[in-house]
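Chemist: Pasting a structure below so you can have a look.
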Amino acid sequence: MKAEETVVTIIEDDTSNKAGSDGNKDEDKYKVFNDSTQNGPQKDIEKTEIPLCEIPKEKSGKSKAFGDKVYVVAYNSVQPQRIQRAGGIGPPLYYDPARNDFVRVVLILVLVMLLITAAVLAMVNSSDEWRDMFVSTGTMLPMLALLLLMGVNYAFICSACARYPPCNFVCLLLAVVAMTILAAFITSHYRTEIVLYATIATAAVVFVCVILAFTSFDFTAWILYVIVISVALSVIIMIVVLMMLITGQTMKPVVLALLILATLVQCVMLTIELQSVLGGRSVELSEYDYALGAFMIYTSIISIFLKIVQILGILDDG
């Protein structure tokens, strides 16, 4: 870590201002480095727990104890605790370090849930029997899964019991079952190559969302606008589905455009959810809501994956 160095000449004075009179109260804030040349190059300042910045010259003071020498003085300024900058090469990453344990628990839960879903999808797409079973079930099985997912969503939002163990883990298990059934049903209608391409694309999209979540831009401040756009887009999708059922036409260009828009909105929503977990923004989750955070991130990732699968499937059909 480097800081701008200011060369301060302290002239011996006969006043009663001693080095220990003002230095004791701020002894943890100052570091003094002896410098043999007055206008020498900048030097590396040793790394401390809090960053270094320049001390104003008027704070240097005159002291009889130092004598007529040249010193390099650096001042340790404490940054706000709400948002910590984790830097290095490139722009800083913004996060709240006090929530490290909470973030770790949420991400571990998301990883376990994703691994379970990935294992089931790998089994379904590698076996013709499982694939044919999901294709032959029709819409009854996915409709039941949607109803189950809506119930879990309602429980997390409206029920305090779903925020605490063991009910929260039961809700997460039901969410995994519902999303896995939906994912298996949708992916069973497409080639295995398309599913693999969608998996790679989803990983890239999630990586970009994670990077955006660490930036200084507060996506959570726009959550109401995103919700309004999502509701409007859902209404449009329902109208298009009804029109296709009535007319019997598929309207692939319209469906493709709606899927792309829905994917973009879901990506923004995933970024908002990640920032609410990281903390230090306008909207953040309580540290007791680790199950809710895992539920939101998991369902968003699977939703992005399923939309990308359908987009690639439409493009593959031509």
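Here the Cβ of each residue, glycine as well, is placed from N, Cα and C on the backbone.
In TrEMBL, annotation is done automatically, which means it is predicted and not curated.
Feature table excerpt (TrEMBL):
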COMPBIAS  23-32  compositional bias 'Basic and acidic residues'
REGION    1-48  region 'Disordered'
TRANSMEM  102-122  transmembrane segment
TRANSMEM  134-157  transmembrane segment
TRANSMEM  169-187  transmembrane segment
TRANSMEM  194-216  transmembrane segment
TRANSMEM  222-246  transmembrane segment
TRANSMEM  253-272  transmembrane segment
TRANSMEM  292-315  transmembrane segment
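Please situate the listed features within the shown structure.
Modeler: Counting same-chain residues at least six beyond the ends of the transmembrane segment (253-272), those with a Cβ under 8 angstroms from any Cβ of the stretch are 205-206, 208-209, 212-213, 219-220, 222-223, 226, 229-230, 233, 236-237, 240, 283, 297, 300-301, 303-304, 307-308, 310-311, 314-315.
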Chemist: List, by number or range, the same-chain residues at least 6 past the transmembrane segment (222-246) whose CB is under 8 A from its CB atoms?
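Modeler: For the transmembrane segment (222-246), the far contacts come to 254-255, 258, 261-262, 265, 268-269, 272, 283.
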Chemist: Six or more residues out from either end of the transmembrane segment (134-157), which same-chain residues have a Cβ under 8 Å from its Cβ atoms?
Modeler: 124, 163, 167, 171, 174-175, 177-179, 181-182, 184-186, 188-189, 291-292, 295, 299
Chemist: Can you tell me which of 102-122, 194-216, 292-315 gets the most C-beta pairs within less than 8 Å of the transmembrane segment (169-187)?
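Modeler: When the Cβ pairs under 8 Å are tallied, 292-315 comes out ahead.
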Chemist: At a C-beta cut-off of under 8 Å, are there same-chain residues at least 6 beyond the transmembrane segment (102-122) that contact it? List them, or none.
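Modeler: Tertiary neighbours of the transmembrane segment (102-122) are 95, 172, 175-176, 179-180, 183-184, 187, 195, 277-279, 287, 290-291, 293-294, 297-298, 301-302.
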